[in-house]
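Chemist: Can you read through this structure? Questions will come right after.
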Amino acid sequence: MAAAIDGVLPATLQELVKKSKVLVVGAGGIGCEVLKNLVLSGFTDIEIIDLDTIDLSNLNRQFLFHREHVGKSKARVARESALSFNPDANITAYHDSVTSTDYGVNFFKKFDVVLSALDNRAARNHVNRMCLNADVPLIESGTSGYNGQVELIKRGLTQCYECTPKEKQRSFPGCTIRNTPSEPIHCIVWAKHLFNQLFGESVEDEDISPDAADPEAQEAAAEVKDPGAAGDAPDGLKEKETEPATANGNIVRINTRQWAKDCNYDAGKLFNKFFNEDINYLLRMSNLWKSRKAPVPVQWDTLLVDGAGSKGPELARQTHKIWSLEECAHVFANALKELSAAFLKLEGNDTLVWDKDDQPAMDFVAACANVRSHIFDIERKSRFEIKSMAGNIIPAIATTNAITAGISVLRAFSVLQAKWEQCKAVYARLRLNGRNQFLVPDAFFPAPNPNCYVCASDPAITLRIDTKRVQIKAFRDEVLIKTLNMVNPDVTVESTGSILISSEEGETECNEQKLLSDMNIVDGVILKCDDFFQSYELSIIISHFDAERDDVLFEVIADKNQLQPKEEKPEEPEAEPSSRKRAANGNDATDDGPSTSKRSRPTEVEDDDDDCLVVEDDDDAEEKVQESVEDTVAAATNKLTVDCPQKTATKRKPSKTLDDEDVEDITEILDSSDEEVVGPTKCKRTKLEETRAGEVINID
């Protein structure tokens, strides 16, 4: 081990490494590499936590795991493998969620540094808050394909993880998923919803039946209300007869799960219901197809006459092949048989959980998505492609993980020595930038965002919300927990002190089904939120608005100025370039400030990627360098005093005859993009005129 051999590390650092206590959060692609590096560097007191178990797909990049470890705890197996490098190391493994109440602020306070190697935003937000409150340096890392990022988060010195807005999860309106899909991802999301309707945890917003309340289909919905037409409704659908809600065209679906059980999960009946009868029902919504190509229903009997599902297992192994419609039917029947058998073995209200690495679950989604794509004339995908899209996977590259993990441990060395200037963020890139850099460091520490609702001195947000449509339970679950990442929030009304939400079980259960407006939570009311577990307090200023159907129900705004109407500005020849940030996929996204919204019906693609972190574009780093150079030049120029007649600075091309020591260069670095051919940095040079004899320049 490096720290055990004199001379490998400086003596001071050697002692610090031996005495330090380190926490590694996450034992995936980066976490395995970090743990290996820590042990080989000589760290002997390490704790690692991860809730996940080892999948077969992990083995190509998580090298502490082998085939015999599949299904076992990542944290525990990582510990065993790391001890083979140094049996004397003291490594504690937790097979648990870091958001559990067992790991509060006091747990984090016992560490000298925390290294985060997480793969989801909610856990990252939580660890960020824990480290801020414990005042423990956090080294945050992540990769996305060939891109990597390592940054230090320290209270009062740097931005926290939540200071800057992150890329919003992609979402789709419910009516698009249910009625008018136009992309493969629409069909994949629909297939995942179908899985949940049959075997998983059913969610109201994940309905898969035709949406007759679609505004585009209102005229057709009126036809559905005709009693003569009701008999044509597909099996599993019926009109609501006892309530007047049918006036808006809504269709109430009989419980799909119970109906499937009653059918003994007959593949033909389920296939015809979802891909024939429901599609025929959609065709009756004629308004939808005036400017779109109408879907074409598929009948089970025309695909499989006998031997249904017999070829399913063989076809499912052909992951890179795009299955034909008949092959999809075989896979559908086989997967349905396996899933129904597993579901019927469950006790009570237990359900199956969709997992991209579960063979029958993935087969079911792939087959259903491709059949629906065929019906709507959408490009079909291979099982491999559908798995990547359904799991929202950005391929993880082992070498990127290793580079990122190595930088993380080097940053840990600097943190232990309190060499903060050596801890600036580093970005790894696939191609060299304009300055021939593969690893691009930040020029300086970004200052904490004064409007951050986590690390600001008095955190507060404005919440635009439809108080007449949002219930207290939804406010707690969707706003406080899912959007603001609280764990056990308590909420009181500032003006009255009344308790709106309590973390004590059952204390405010009677409020859950009430609307915010029913509890006098209206425009201008200030709510005080407190999460004792996270040691986190937040003021929420309510700003009511009336949301339309399918409109945003709430939006979190950290900067109150965003609520003010924008002043009309005269058109200018050239607009100022907006602040840009590039997502991991390379697409530019405008930075509109820390704002998060939730729609009433849209389906969100969950953040379930491997070692994924939105990585800033290296143009940002270059811009920061340029700004730093310009600021330095401006400061020096302001201090110049000349004791002779004023001379005008002129621009001229660089002269080969002049010595660099005799000429003062001011270099303006031009931005370069990834698409440019790699070459020397482009620059403009402005040379100040040589000082004439007798001129005196005084510089303070």
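Including glycine, each Cβ sits where the backbone N, Cα and C put it.
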Chemist: Quick check on the annotations: TrEMBL lists region 'Disordered' for one of 223-248, 665-690. Which range is it?
Modeler: 223-248
Chemist: With every protein chain in view, what's the tally of Cβ atoms within 10 Å of the Cβ of Ala122 (ATP binding site), excluding that atom itself?
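Modeler: Taking all protein chains shown, Ala122 (ATP binding site) has 13 Cβ neighbours within 10 Å.
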Chemist: As a test of reading the model: what is the averaged pLDDT for the domain 'Ubiquitin/SUMO-activating enzyme ubiquitin-like' (463-548)?
Modeler: 91
Chemist: Provide the three-state DSSP residue tally for the domain 'Ubiquitin/SUMO-activating enzyme ubiquitin-like' (463-548): helix first, then strand, then coil.
Modeler: 18 helix, 28 strand, 40 coil
Chemist: Check the Cα-Cα distances from Cys175 (active site, glycyl thioester intermediate) to the binding-site residues Gly29, Asp50, Asp119, Cys163 and tell me which is shortest.
Modeler: Asp119
Chemist: Give the sequence-ordered set of same-chain residues, not counting Cys160, Cys163, Cys452, Cys455, with Cβ within 8 Å of the centre of the Cβ atoms defining the Zn(2+) site.
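Modeler: Counting only non-site residues, the set is Leu132, Gln159, Tyr161, Glu162, Pro448, Asn449, Val454, Ala456.
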Chemist: In Å, rounded, how far does the Cα of Cys452 (Zn(2+) binding site) sit from the Cα of Ala122 (ATP binding site)?
Modeler: 17
Chemist: On a C-alpha basis, identify the one among Gly29, Asp50, Asp119 that is nearest to Cys455 (Zn(2+) binding site); the candidates are the binding-site residues.
Modeler: Asp119
